[in-house]
There are 2 protein chains.
Amino acid sequence: MSNQDQNLAATVNTTQGSYRVIVGRDVIDDLGTELQKTGLKGRAFLVVDEVMFPNPSRRAQEALERGGYETHVLALEIGEANKNLETVQIVYDWLADLLADRSDIVVAMGGGVTGDLVGFAAATWLRGVAVVHVPTSLAAMVDSSIGGKTGVNIPKGKNLLGAFHQPKLVLQDVGHLKSLPAREMSAGWAEAVKHGFILDAQLLDTFERLAPQMKALAGEEPVAAIRRSVAIKGEIVSADEFETGDHRVLLNYGHTIGHAIEKVSGYGTYLHGEAVAIGMMAAAGIAERLGMIDEELVDRQRRVLENYDLPVRASGLDVDALIEATKSDKKSRGGTIRWVLLEGPGKATTRRDVPEEVVREAVLAILD
Amino acid sequence: MSNQDQNLAATVNTTQGSYRVIVGRDVIDDLGTELQKTGLKGRAFLVVDEVMFPNPSRRAQEALERGGYETHVLALEIGEANKNLETVQIVYDWLADLLADRSDIVVAMGGGVTGDLVGFAAATWLRGVAVVHVPTSLAAMVDSSIGGKTGVNIPKGKNLLGAFHQPKLVLQDVGHLKSLPAREMSAGWAEAVKHGFILDAQLLDTFERLAPQMKALAGEEPVAAIRRSVAIKGEIVSADEFETGDHRVLLNYGHTIGHAIEKVSGYGTYLHGEAVAIGMMAAAGIAERLGMIDEELVDRQRRVLENYDLPVRASGLDVDALIEATKSDKKSRGGTIRWVLLEGPGKATTRRDVPEEVVREAVLAILD
């Protein structure tokens, strides 16, 4: 058993209730006891990405059983290619066969796609049953597992379906990252480093100073940095649950161009975090051109991203196609794009008055 | 234009915001102005049951346009038989083709199935967009359009999918009832009369005294009675939004046996309200056998229901099959059924300690 108090990274407060985010090594063994603390008493329906099956999902199952929970396990091949209603229906059928009722609990164990898809199934089963997230990728840990966003693709677009469905508990075992491919680790660091750039200069310093140690997941510093990234995300969600205010949108730093890059390059060319890293460079270029930040901060951002083995330029993409794609981004309203831009290290704001010419120059500057 | 203040039947307060329920004659012409009051400014995506198309849906569309809303209309054949994800996907595709975004508004116009299905689509499009309900059946008016419940069937069960997604406005034009088949009108009265029996002795008196006038929709009394039924539903939803307390469950009076009758007889034999009427008689029989009410109230309930042309007995059904079906009802938790029972006219409570033998006797007494 780990030191549970020390492992509490955040308590997220939402209209659907408050929940704890636990981050640490070997915390998977606490899953049952942490779930007990939520007061939930139903059966646990564990849906795992099949790469986690039978281990380490068995360890999660054993922890649930030690907590007194009857468990059922469904292992699924889950990826961007089958993040659709057909896969959700496999989960529905399984829940129906086992007569899962409103007192039961769905536990999603896997990367971001698993959380999005299983979270959607839980949000829509019997008008919403409890969901617990056990994210096993770095990107899901520091970003998508917190905040209740769920999502499913339809042929006409990515993540067009979804619901806000807050979890009852998020439990992140850093040990799960040991088997994550290096490229996916880097993509996860992109989101964590982003948190530093937009909101926490001290966290940014840590990421800058300790890149080798972070990447090796050596010692306590990486765990503390993940915990701090989680806390930032939790604070933002608590302040702006539905992204209707000015807070949660800041997390989209690098995402306007990032999404455009993913779309224009064809999904799958870049990992999401990689596209965000390039998008952060384009956004920094916009801020520099608008006189909001100096060249030094742009260079610093490039250096930090490169130290985490992230791309900072894209090749083979057409500037006009990218700019067109930014306009259909979901953050665009009534024709104007809400850009998230840096004002300094650890400080971001939003601007709607960015001339397209400035965007074009900044995008051209990150294209080969 | 109608007198808008007089037409306000309820203001429902929920965690997703407050909304007004407007009930009156010709209020459909106020749809645009009422929508303006919500502050919503997007395009209006009107999904109508094709029996409402092109009239009276055109009148709704014109009202929206007078309110300054750009409108799009999708007419669908919607019924219990296609209340499934395939039909929801038709709505999704339409929204995708028209690039419906988070500022846009979905308007559902039709009976209960339309509200359930279109409400589900709105709840899950881009993590939830605004929905307005324009119920056109009596059952949808007094019951399902208020409270945010949405639902979709899967092959393994009815309403297993759903979400709580509160509307921004509910607008009920009593004039739409003129073309409703008599049997469906009666089924709607069952839910309204039920509100009287469980919560409002005065409303019950009105329904008892004025049955012919109610059924003819003559004069202002029927409109006032619908408005009062709506108010009762709105108060209960405001007090117990997620049916986690002791309030909202009262609305399930007659539903435990009613659902069993629907299931055992094969869906489609009885309308939902008809099955509820028979279920109310079984529940009254249970309460009488437990000494909670006297025979006089049971007889009174029978007489009132018969005056609204509702069945009070069922034939050709097996008592064991019915009792078995009550056990799989979604209101059953941990094996014990939570019965909603009368204590007097306008007064209901819940009981978990009803012996199966008492249920069996009461069910046998309503079977031919």
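Cβ atoms here come from the backbone N, Cα and C positions, even for glycine.
Please treat TrEMBL annotations as automatic predictions, because they have not gone through curation.
The feature domain '3-dehydroquinate synthase N-terminal' is assigned by TrEMBL to B:75-186. Looking just at the domain '3-dehydroquinate synthase N-terminal' (B:75-186), the mean pLDDT is 97.
Residues or ranges marked as NAD(+) binding site by TrEMBL: B:Gly112, B:Val113, B:Thr114, B:Gly115, B:Asp116, B:Thr136, B:Ser137, B:Lys149, B:Lys158. DSSP assigns B:Asp116 (NAD(+) binding site) to a helix.
If you look up TrEMBL, you'll see B:188-332 marked as domain '3-dehydroquinate synthase C-terminal'. Per DSSP, the domain '3-dehydroquinate synthase C-terminal' (B:188-332) is made up of 101 helix, 1 strand, 43 coil.
The Zn(2+) binding site annotation in TrEMBL covers B:Glu191, B:His255, B:His272. Counting every protein chain shown, the number of other Cβ atoms lying within 10 Å of the Cβ of B:His272 (Zn(2+) binding site) is 23.
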Worksheet item: What are the helix, strand and coil residue counts for the domain '3-dehydroquinate synthase N-terminal' (B:75-186) according to DSSP?
Response: 47 helix, 31 strand, 34 coil
Practice prompt. Could you check the binding-site residues B:Lys158, B:His255 and say which one's CB has the most other CB atoms within 10 Å?
Written response: B:His255
Worksheet item: If you skip the near sequence neighbours and keep only those at least six away, which residues in the chain come within under 8 angstroms of B:Glu191 (Zn(2+) binding site), Cβ to Cβ?
Response: B:Leu138, B:Ala139, B:Val142, B:Asp143, B:Ser229, B:Gly273, B:Val276
Worksheet entry | List of residues, in chain order, with Cβ under 8 A from that of B:Gly112 (NAD(+) binding site) and at least 6 apart | B:Pro135, B:Ser137, B:Ala139, B:Ala140, B:Asp143, B:Ser144, B:Ser145, B:His272
Fill in: Rounded to the nearest Å - Cα separation of B:Lys158 (NAD(+) binding site) and B:His255 (Zn(2+) binding site)
14
